[in-house]
Amino acid sequence: PTMIRRPPTIVCYICGREYGTKSIAIHEPQCLKKWHNENNLLPKELRRPEPKKPEIRTITAKGFYDLGALNEAAWTSAQSQLVPCNNCGRTFLPDRLIVHQRSCKPKVAK
């Protein structure tokens, strides 16, 4: 059986989703604009500083960027955007945290 090789993808440092090498340049400015719009709608205590694009300068022997390291740094950046729930400790995007907190109640000690 022949192995089908997936085309290379790059992880967005803002949302954590994977995009093709050509699409990421189109996606990132739109994603950042959406991030700013959503961040401005949040209560002041949940607003976050703008995510910074990770700088990975490792270049392989063939002159290419190390996509694994780049994707790992982008994934870590996207995960750092999550906010923990004060009751259960699970992490959410700030707009989803508000929805979660409506139903998450602190555990009552017996």
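Cβ coordinates are placed from backbone N, Cα and C, and glycine is handled just like the others.
Among the features that TrEMBL reports, domain 'C2HC/C3H-type' is placed at 8-37, 81-110.
Summarising model confidence by region, the domain 'C2HC/C3H-type' (81-110) averages a pLDDT of 85.
Helix, strand and coil content of the domain 'C2HC/C3H-type' (8-37), in residues and according to DSSP, is 14 helix, 6 strand, 10 coil.
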